[in-house]
Structure formats: structure tokens, C-alpha cells
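As recorded in TrEMBL:
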- PHE24, GLY26, GLY28, GLU68, ILE254, LYS256, GLY258, THR299, GLU304: Ca(2+) 1 binding site (BINDING)
- ASP298: Ca(2+) 3 binding site (BINDING)
Amino acid sequence: MSTISVAVSVPSPAEDCEQLRKAFQGWGTNEGLIISILAHRSAAQRRQIRDAYAQAHSEDLLKALDKELTRDFEKAVLLWILDPPERDAVLANEALKKWSPGNRALIEIAVTRTADEMFAVRRAYQGRFKRSLEEDVAAHTNGDFRKLLVPLVSSYRYEGPEVNASLAKSEAKILHEKINEKAYGHEEIIRILTTRSKAQLFATFNDYNNGFGHPINKDLKSDPKDDFLFALRAIMRCIICPERYLEKVIRLAINKMGTDECALTRVITTRAEVNMKHIKEIYYKRNSVRLDHALKKDTTGDYEDFLVALIGQDA
């Protein structure tokens, strides 16, 4: 499912460090050399490179890169080189600092990660920012969004395949009743969406469709401009098929006037080693254009080269 290409035999972390050091020296930075190394190393290998660089040069590689790179390329590389939990913690913090009701980045992170991954994100967040993620979510949100997002980022969902069929049926009925009442922020809707396992929720959504004749998402489209309803639909779509949801994030990021580099960078740097291959397949089926071609059309320079290196070029 990963799209990054890592050679069977790669140079040692020390050798990579020296090559990166060379890329920083002279009149201009050798961005191509940086891409050729960092875009083709696994998360574990990138961690080894960071450790070796700090030991050899008494400087964090992140600081060295920050001094040498600029703009969107810089942000993409700095995110990519972080350990996955720390990367998500940084992205969550950025989303909260500029949070608005239409910002879905936090939902994307909280729902598409496994329970163990999200636990690691919360730990990384606390280590980096000296506050809990839940604390910052509560501080930066309010109303129904606070009621929804605090448990969403703090729950530890069961990850197994077991499903309680009678519970799915009864909770489908609860969801239908509350949605019909337009009580979208009701504690029962929030409890179900933020605590049940994804397998259990998938069964509940199926029972909703079978029992009431239409998908739950359709009932939540009564007001397309309602950001809270959009947030509820985003949670459900991330549960049902996260790859399809993330394909849409990418599509919207590059198919409008002005590229949304933040969204594009976020999805590619976090999913390149996870499920980007599947996202690319969905993108092609949906748009009849390969994602690498779409990126080349919509981005430029070192930023383009780096993103294309992460997602891979198809023959």
C-alpha cells in the first residue's frame, strides 16, 4: 500500500548524513540530492538519519533543513522527516491554532488512525507541546464541536472484527430518531460515533440503510451549509472508506482556483507509507487521470518533485 520506493540496499545513515551535509554547502542548496535521499527512505531509516546527523554535527537535521529550504517544499520535507505520531501531533496543533468549523483536518487524523496510532499521537502531542491534545481541543472549540471533538480524539476504540448485531440495530434506530428530530449534537449521536469500533459502526450504518431505506449520510445532507453536519458526514465517510475520503481531499485541493497546499501536503506525507497506493487507484477511477500527472499539472519546482517522488510515478 506504500508508494515510496526504497532500494533493497541503501547507504548507511552516516553516509546519508554526509550527502545531506554536502547538499547544504556551497552557494545554493542541492534540493535534488535532498529529495533523492529523504523521499526514498522508510520512517525507520529517516529516524536513523536524524539521529546520526545530530551525533555527527551537533544539530537537529530539522533545523538544518529549515535553514536551507523554503515555502511548500520546506513544509513537506519537515513533515515527512518526522516520526508519524509526531507528524500527526504537529498537524493537529496547526489545525487547532487556525481552527474553524469548516476545518476537517482533526477529524481526518482522529478517525483514519488506529487506536494505537492515535494513542501515540496524543503522547507525542503532550511531549512536544507540554499540553494534552484533549486540553487544546477543548480550548480552541466550543458548542457541539467541542462535545464531538474532545471524545473523538481521546477515545481508544476497539479494533477487532466482532460486531453486536442487536446493538447495531438498536443504535441505528437511535441515530434515525435523533436525526429526524434534527438533534444533531445529541449526546447519543456523539457517544455512538466517538466510542464504537469501526466494525460496529459499519454494521450500524448498514442497518440504518436497510431499516430506513436510505444511507445515513443522505439524512445528514438536509443543510449542506451546516458545518456540524458536514463534520458528522466526514466522520462517517472516514469510517466507511478512508481512502475514498482522502481521495476527495486531494481532488478538492488541486481542482479549485488556487491549490490547497496544506491539505495536499498533509494527505501525501501522512499516507505515502500507509495506503497511498489505494488512494491513487481511487483517484484514477474517479478522475480518469493519474495522480502523478495531476500533481505535475498543479504544482511546480522542488515541491512538485518531492510529492511525485513520494507517491511514485506510474508507467
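Backbone N, Cα and C define each Cβ position, glycine as well.
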(message) Just to confirm: which same-chain residues, 6+ apart in sequence, have a Cβ under 8 Å from the Cβ of ASP298 (Ca(2+) 3 binding site)?
(response) ILE254, THR259
(request) Give the number of CB atoms, excluding that of ILE254 (Ca(2+) 1 binding site) itself, located within 10 Å of its CB. (result) 19
(request) Determine the Cβ neighbour count for GLY28 (Ca(2+) 1 binding site): the number of other Cβ atoms within 10 Å of its Cβ. (result) 8
(request) Count, for each of the binding-site residues PHE24, GLY258, GLU304, the other C-beta atoms lying within 10 angstroms of its own C-beta, and report the residue with the smallest count. (result) GLY258
